[in-house]
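Here is what TrEMBL says about this protein:
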- 38-72: domain 'LIM zinc-binding' (DOMAIN)
Amino acid sequence: MSEKFDCHYCRDPLQGKKYVQKDGRHCCLKCFDKFCANTCVDCRKPISADAKEVHYKNRYWHDNCFRCAKCL
């Protein structure tokens, strides 16, 4: 007997799908973007699970949004 494996937020089954585990909870990619993703300091959009993220001192950017403050 297999254990039920569902998204913590929407309860959709995760079997065979991509998912993220954060803080011990499993969530589908849609719910990750909605409830768990960090917000980019520059564009204010969520940084999805499959995006590259840059972080420094509890601030987060999309890889392509990050610019050096000195030389841009």
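Every residue, even glycine, has its Cβ placed from backbone N, Cα and C.
Keep in mind that TrEMBL annotations are predicted by a computer and have not been checked by a curator.
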Worksheet, complete the sentence: Outside the domain 'LIM zinc-binding' (38-72), at least 6 residues beyond either end, the same-chain residues with a Cβ under 8 Å of its Cβ set are 18, 20, 29, 32
Worksheet item: What counts of helix, strand and coil residues does DSSP assign across the domain 'LIM zinc-binding' (38-72)?
Response: 0 helix, 10 strand, 25 coil
